[in-house]
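Asks: Here it is, the structure in full.
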Amino acid sequence: MREFKVVVLGSGGVGKSALTVQFVSGSFIEKYDPTIEDFYRKEIEVDGQPCVLEILDTAGTEQFASMRDLYIKNGQGFVVVYSITSQQTFHDIKTMREQIIRVKGTEQVPILLVGNKCDLAHQRQVRTEEGLALAEYWSCPFTECSAKNAHNVNVTFAEIDVAVYFKSSFVLFTLWRPPSN
Amino acid sequence: MIDRDTETSLRYLREVIRSGKTEIIPSSAQAVLNSLANSKCCRDPGLQDALINLLKFVDHHVDVQSTSKLDQPEGMRLVDELQKELLSSRSRPQPEESISSYEVEEPDEGIGSTVSNASTGPDPGLDELLTQLNLRQVAKFEPKFPEMNGESEEEDGGVLTEERKEERAEKHGQKTCEEEVETLPDGTEVRRKKTRTVNMSQSSRQVTISTRGGGVPCVSRRFIDGNHSMNDDTDFETTDFFTSPLSRMKRDRANFLNPEQSIGFESTSSEPGQSQKTKTVEATSEVTQSVAQKTQKNGRVLAENAAHKIDTTELNARQIDTFKGKQLTDRKGDGTYEEATIFRGGLPGIERTPADSPVKKHVVEYIQTFDTKKDPNADEFLRGTTLATYVRLNDSLRLHEEQFRKKLTFEFSSSGISTTQSDFSNLAELLQSCADLSRIRLPKKFQDYEQKAITYPERKYIGAPKSVLECLDVTDYLVLKDREAAIRPSEIRGGPIDALIVFATQASGSLLYQEAFLSTYRTFASSHDLLQKLTHRYVYMALSSEPASQKAARLTFSVIVRVVDELCTVEINKELVAIVTNFVYRLIRDGNFQLARLLRTRLIERIESSAVVRQPTVYMDRLKKGETLLDFRSATIAQQLTLLDQRLFQAIEPAELLWWAEAQDEKRCPNLVAFTEQFNKMSYWVRTVVLTPKEHKERERYMNKFVKIMKQLRRLGNFNAYLAILSALDSGPVRRLEWGKMATEQLKEHAVIMDSSGSFKIYRTALVETAPPCIPYVGLVLQDLTFVHVGNVNYLHAEAVKGRTDLLNFGKRWQQFAILDSIRKLKRWNYSFTRDDRIIAAFKCFTSLTEDETWELSEMIKPRQRRNP
């Protein structure tokens, strides 16, 4: 089976881990053990073929900045996340594409830019246009989404959307080929 | 009259106040409280007031941040006041003895107090306890050794021979001594003494040799031999051997009965017609089990494995019965019970010599925190309470030692307080889960509960939130997995916060639950709130004279001590200190000087020890001129790096890890931040050292040096520094340059460890297989805790619990506990290297370039190839 490694990047506190949990399990449950082997694996279908996505989300370890190169080295696709409620987190990721390219030694890396926490519109600090502009500069897809954390039990439409969106983006990743010239 | 201790401590305190040494005032005042703790006049309200006033004055300076100026005249006045009260209190009549059970019991007290135990059966004391203890069954030890894989024997037709050797030995000894003192109507006293000693020892040896392959059907041969010093064990069976050794012992007790009587006459002051019977029991047992397995193929040894397990128990107990005529009027008893289990890879003398075990040291340490060494009366408060648990579980039996240790101090009396029965069954469970050599996380119970339906015992309606804190038993409020939960409380699934707090103070709660609670309560209650609730419970319980309430108060108190003992620096603020000190005043007011003293000592020690660990001073001048890293052996460099890491690792409080996973608040996690900073510093320093030399050859030498150091770090089990260096050598700016074949290949091998597949399976396995001491990669711990936090709901889903929304999901806490506990265990180990200032100087304080600067250097050495558009 084809395997594809996706690395989730972004500052601490942007809700990366909630996105990952959403994507891998679909919802929040009462018992969730991240140390088990296939916690970060998700099978999806691409072109009618089963394909495994292995998500590397190092949420919680952002302080171990020196480890980032190792993680990036492992990845084939990247999801770069910021929080729309924090200008700082948006600022933090502005150089992320450059970092990825530097480490991978190629400009040909699939990236997905995500503005998280759009359910908190009243606290918005980063406008949608800013996200769009950055995505255009990076020539990569962009979405705003919300993955409510486990403390909010209600599953909203936005949450379902994020999983669907992620999935389709990951499908894009796996099909991604460097633009011929 | 004032005794000498008190006088000295008062004089000292005066001197301290006069000299204005604010920082040592709290501990000097503590000395006064210490000296008064055993005072007979602790019921004197005047004295209590004077003492409280003095402590209040002093406690103003307890807070670390406090800058208030010392009011010296006021301090002196308060000391004078106290002295005056002390002088006068002896002459005053003492108020009625209150019902508090903390009083040190006088030996002649309690006669004729209760006859209540007539209903509880003829002998509910020591004999019952013995029966309970004797129930402990040592499970058959069956370690699983790794399977031989790779070559399958059918393929090459080889003959595979497996030899399994099992040896078991058990020794039990029990010495019972009964002494009876009867006072005859004429005032003379009759003493009778009976001593009974039972000794039993058994051993067995079993060898199984199985041969497979080579076209021959599987053959198994078994040899058994053994001996035992009991003479009637004709129905001796190997399989049944460890399940009921003590029932056999009882049967044979008569054979070893060795009564010895001595009668003497002495005149005493005892009441005529009264007799007292003192029974002391010393019982020890030791069960040693060794299993060795050898796999041979065509005579060639493929694998040789061995492991052994030693279970020991030791009981020392005493019971005093007082009779009037034939009627039992009073029964009192106390004692200690200790259990320990040691696992060790390798048979004794074969593989590893048991090095100086760090475990012993910690046992001593823990007991010291309860002051028992200094003051024999101190454990008075903790009677009926588990003093401490020593759970040392390590993940791989094959490679290192594991150890459990548990000590109980107990008391019982005719007023009904008995030892905590459920602790024993829990311990057995703990041991069971340990004997099961799979990777240990927590009891299976909460790992597979998803499949089983949760049953909900009737939960009473919780009215005023405080009322739960005032319940003797809160089991009914809790969500348990099944009805047996009272016996196996590790199956607590959730409940309202207050009930979870109270359950941690209940004797029926398991030690494991208590540990899990104490490790994780910060995720649902602040230490401040917890202490407030616990002190409330204590005060409420202490008000009643009911033995059950008194016991609850006592248990609550020991939890308070634990909480205070494990407070983090960032938690100690004015409000929290006020809760504890106010509680101390309350204890003094109740005449419980002993408890007040114990708690205040813990608080002050905690405040004084709470400082963030700093990097040690570096003596640059130790380094000879021109000396560099390359001049030192890789192994010694690795040792020094490890020493530096160890200090920072041990300083991390488990609570910091929890807080980090929740909010990444740097202020609350100073030690964790210091640790990660050091990790990054080391990584950037390595990059700098490797990239700075102008000559390619020189860079290559440093590269090779660090690869060697990494190898040594791996050997030492220092995954932290190992990964810091790996992350440097495998970082973008370093990796893109050309390196020698050796370095490149070795680096590639090392880099595999951080392969993220299967949730870092390779790294996790490597960590498990590493014998402690070791320092883990804390990043993964934080990642796991983060996902446990985000992925699990804080409260149980309302639809699953009949619409209730206040039931905390304790399953989440069990998971957090499992992760924290593995760190706690690793924190206890020490590397035994000595510091070498010369090498540390060679680290140049890890000064380094920034990430961008290293990139610049790297691109200067080898320009970046831009793809032509």
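Each position is counted from 1, following the chain as shown.
Using the three backbone atoms N, Cα and C, a Cβ is placed for every residue, glycine included.
As listed in TrEMBL for this protein:
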type	residues	note
REGION	B:86-124	region 'Disordered'
COMPBIAS	B:86-101	compositional bias 'Polar residues'
REGION	B:147-213	region 'Disordered'
COMPBIAS	B:161-178	compositional bias 'Basic and acidic residues'
COMPBIAS	B:197-211	compositional bias 'Polar residues'
REGION	B:261-299	region 'Disordered'
COMPBIAS	B:261-298	compositional bias 'Polar residues'
DOMAIN	B:488-608	domain 'N-terminal Ras-GEF'
DOMAIN	B:633-864	domain 'Ras-GEF'
Asks: Hey, which bits of the same chain come close to the compositional bias 'Basic and acidic residues' (B:161-178), Cβ under 8 Å, at least six residues off its ends?
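Replies: Cβ under 8 Å, 6 or more out: 138, 141, 192-212, 241-242, 245-246, 249, 277-297.
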Asks: On the DSSP side of things, how many residues of the compositional bias 'Polar residues' (B:197-211) fall into helix, strand and coil, could you say?
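Replies: Summed over the compositional bias 'Polar residues' (B:197-211), the classes give 0 helix, 15 strand, 0 coil.
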Asks: For the domain 'Ras-GEF' (B:633-864), what's the mean pLDDT in this predicted model?
Replies: 90
Asks: With DSSP, how much of the compositional bias 'Basic and acidic residues' (B:161-178) is helix, how much strand and how much coil, in residues?
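Replies: Computed counts for the compositional bias 'Basic and acidic residues' (B:161-178) are 0 helix, 18 strand, 0 coil.
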Asks: Counting each residue once, how many in the domain 'N-terminal Ras-GEF' (B:488-608) are helix, strand and coil under DSSP?
Replies: 94 helix, 4 strand, 23 coil
